Structure formats: structure tokens, C-alpha cells
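Here is what TrEMBL says about this protein:
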type     : residues : note
ACT_SITE : Arg29    : active site
ACT_SITE : Asn47    : active site
DOMAIN   : 14-104   : domain 'Acylphosphatase-like'
Amino acid sequence: GVGMNMAEGDTLISVDYEIFGKVQGVFFRKYTQAEGKKLGLVGWVQNTDEGTVQGQLQGPISKVRHMQEWLETKGSPKSHIDRANFRNEKVIVKLDYSDFQIVK
């Protein structure tokens with residue numbers, strides 16, 4: 001479209017996520033970390049006491065969108081995702097993390 005430049009997909013954004021379903025005990029965090037690193041994203045992932053997985057993604061908007069789709073539809077091989085919540089999305093000037101970590 002008009003006004004869209006090449007850098008549009010490179011705008012850095014940050015978004016929080018929470019994944020509901022059978023996402024604990026199925027290596028979900030490990031696969032999320034691997035996928036995030038593969039895409040060049042930074043952030044974190046952890047299990048919650050409520051049986052969900054939550055975290056934060058940061059990186060170029062095009063890569064974050066790819067990761068959001070992965071979290072919503074794919075996950076780890078044995079997981080069963082009911083739904084994914086994304087919130088607090090915002091454009092950021094620089095990344096807050098240097099890598100993608102699994103938080104215990």
C-alpha cells in the first residue's frame with residue numbers, strides 16, 4: 001500500500017501472551033524458546049500456577065506475528081492449544097532482552 005515502506009515489517013514491537021490448553025508437561029516452553037530463537041526474537045516463557053504458559057515476545061513485527069500464529073496454532077507436538085491471549089502490544093525503540101529465556 002501507499003506509505004508502507006520496507007522498514008514497516010522491521011518495526012520492533014513487544015507483546016505479552018498467555019496460552020491456554022494442555023500446554024504444561026509437553027515441552028511447550030522448550031519448543032517456544034527454540035521457535036523464538038529461530039525467528040530471532042527475544043523474550044521469555046514460563047508456566048503459571050493456573051496451568052497456562054505465559055511470557056513476552058519482542059522483535060520485528062513480521063517475526064512477532066509469525067510467532068503469535070505459531071503459539072496459537074502449533075506449539076509443541078504433544079500440546080493442545082485451546083486459545084491464546086495477546087495483550088499490551090506496543091511499539092518499542094529497543095529490545096529489553098538479549099535472548100529468549102525459559103523462566104522457572
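Each Cβ is built from the backbone N, Cα and C atoms, and glycine gets one as well.
If you measure from the Cα atom of Asn47 (active site) to that of Arg29 (active site), you get 8 Å.
Sorting the active-site residues Arg29, Asn47 by the number of other Cβ atoms within 10 Å puts Arg29 first. Mean pLDDT for the domain 'Acylphosphatase-like' (14-104) in the predicted structure: 97. When DSSP labels each residue, the domain 'Acylphosphatase-like' (14-104) comes out as 25 helix, 38 strand, 28 coil, counted as helix, strand and coil in that order.
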